[in-house]
Structure formats: structure tokens, C-alpha cells
């Protein structure tokens with residue numbers, strides 16, 4: 001009979017430790033406070049306005065980059081997140097730029113530029129120095145803009 005209480009205690013401790021390990025695993029794969037999880041990344045929106053390079057530097061200090069967008073689902077999520085946090089479809093810096101070579105767009109996080117959400121007619125060459133990408137231009141579309149313009153910005157980092 002003495003072995004039954006020991007087994008019960010052992011079973012209880014094993015379950016408790018197992019649950020604790022599971023909680024720890026989940027906590028390490030969640031986003032920090034102020035960041036929102038989507039897919040395999042965390043996103044945070046900054047209302048304060050900065051030029052593109054300063055916004056990228058701010059994202060790097062937080063362990064990420066200006067957000068890259070790889071499909072329509074991510075674009076919809078980002079548009080909704082910005083609207084939810086700002087109360088409007090605010091024009092916002094994302095990580096695209098063609099500063100190295102005109103017309104050759106790159107993401108600042110080094111990921112493949114495999115999705116394009118440009119507004120029809122964008123990116124344009126109306127102003128030659130428009131090397132940085134913003135989202136929420138005339139809806140949920142992208143636009144190339146002057147990098148020195150101050151905008152809100154969206155950071156992203158991998159889990």
C-alpha cells in the first residue's frame with residue numbers, strides 16, 4: 001500500500017514538471033511585450049515619425065529590421081495591424097529599398113523580394129531619389145518614396 005502514495009506523488013510531480021517545461025517552451029517562442037505574432041515573426045508598429053534609415057536603425061536596436069512582406073496574407077495582416085494601432089491606414093515605412101541600383105528592390109532583412117504589393121504605376125521614376133518603400137499608399141498598396149520623409153514604421157523579427 002505504501003507504494004501507491006509514492007506512485008501518486010511521482011505521477012503528480014512528473015505531470016507538474018512536464019507542464020512547466022511546456023510553458024517554458026511556449027514562452028521562449030512568443031513575441032516580446034509590444035510585439036504582435038504572425039506566422040514565424042513578431043511585428044511592432046511605431047507611430048513616431050522617422051526617416052527610413054533612422055527607422056531601420058531603430059528596428060535593428062530592437063533585434064529586427066523594417067518589415068519585409070512576402071505574400072498577400074502578410075500584407076493584409078500588416079494593413080490591419082497598422083489600422084488597429086493607429087486608427088487609420090497610415091503610410092508606414094517597410095523594409096524595401098532600391099538605393100543600390102535603381103529598380104532592383106531588396107529587403108533590409110536580406111530576405112528574398114518575392115512578393116510585390118505596388119500600387120498600379122509604382123514604383124515610379126517621377127522623382128529619381130525615391131528609393132524607399134512605404135505601405136498603405138492609397139489603400140493597402142506600396143509606393144516608392146523619398147527616404148528622408150518622416151513616417152511611422154513597422155519592425156519585424158523572427159521568432
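Just so you know, the numbers here start at 1 and follow the chain as drawn.
The backbone N, Cα and C atoms fix where each Cβ goes, glycine too.
What Swiss-Prot records for this protein:
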type	residues	note
SIGNAL	1-21	signal peptide
DISULFID	31-42	disulfide bond
DOMAIN	38-156	domain 'C-type lectin'
DISULFID	59-155	disulfide bond
BINDING	122, 124, 130, 143	Ca(2+) binding site
DISULFID	132-147	disulfide bond
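Overlay of Swiss-Prot feature records on the structure.
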{"residue": "31", "record": "disulfide bond", "DSSP class": "coil"}
{"residue": "42", "record": "disulfide bond", "DSSP class": "strand"}
{"residue": "59", "record": "disulfide bond", "DSSP class": "helix"}
{"residue": "122", "record": "Ca(2+) binding site", "DSSP class": "coil"}
{"residue": "130", "record": "Ca(2+) binding site", "DSSP class": "coil"}
{"residue": "143", "record": "Ca(2+) binding site", "DSSP class": "strand"}
{"residue": "155", "record": "disulfide bond", "DSSP class": "strand"}
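Among the disulfide-bonded residues 42, 59, 132, 155, the residue whose Cβ has the fewest other Cβ atoms within 10 Å is 42.
Proximity to residue 130 (Ca(2+) binding site), judged by a C-alpha distance within 10 Å, picks out 147 from the disulfide-bonded residues 31, 42, 147. In sequence order, 130, 144 are the residues of the chain that are 6 or more apart from residue 124 (Ca(2+) binding site) and have a CB within less than 8 Å of its CB. Residue pair residue 147 (disulfide bond) / residue 31 (disulfide bond) shows a Cα separation of 29 Å. The Cα of residue 132 (disulfide bond) lies closest to that of 122, out of the recorded positions 31, 42, 59, 122. Ranked by how many other Cβ atoms sit within 10 Å of their Cβ, the disulfide-bonded residues 31, 147 place 31 at the bottom. Closest to residue 31 (disulfide bond) in space, going by CA atoms and restricting to the recorded positions 59, 122, 143, 155, is 155. Other than the site residues 122, 124, 130, 143, same-chain residues with C-beta atoms no more than 8 angstroms from the centre of those residues' C-beta atoms, the Ca(2+) site, are 118, 119, 121, 123, 126, 137, 142, 144, 145. Comparing residue 122 (Ca(2+) binding site) with residue 59 (disulfide bond), their Cα atoms are 25 Å apart once rounded. Applying an 8 A CB threshold to same-chain residues 6+ apart, the list for residue 143 (Ca(2+) binding site) reads 91, 118, 119, 122, 123, 133, 134, 137. Separation of the C-alpha atoms of residue 155 (disulfide bond) and residue 42 (disulfide bond): 8 Å, rounded to the nearest whole number. A gap of 12 Å separates the Cα atoms of residue 59 (disulfide bond) and residue 42 (disulfide bond).
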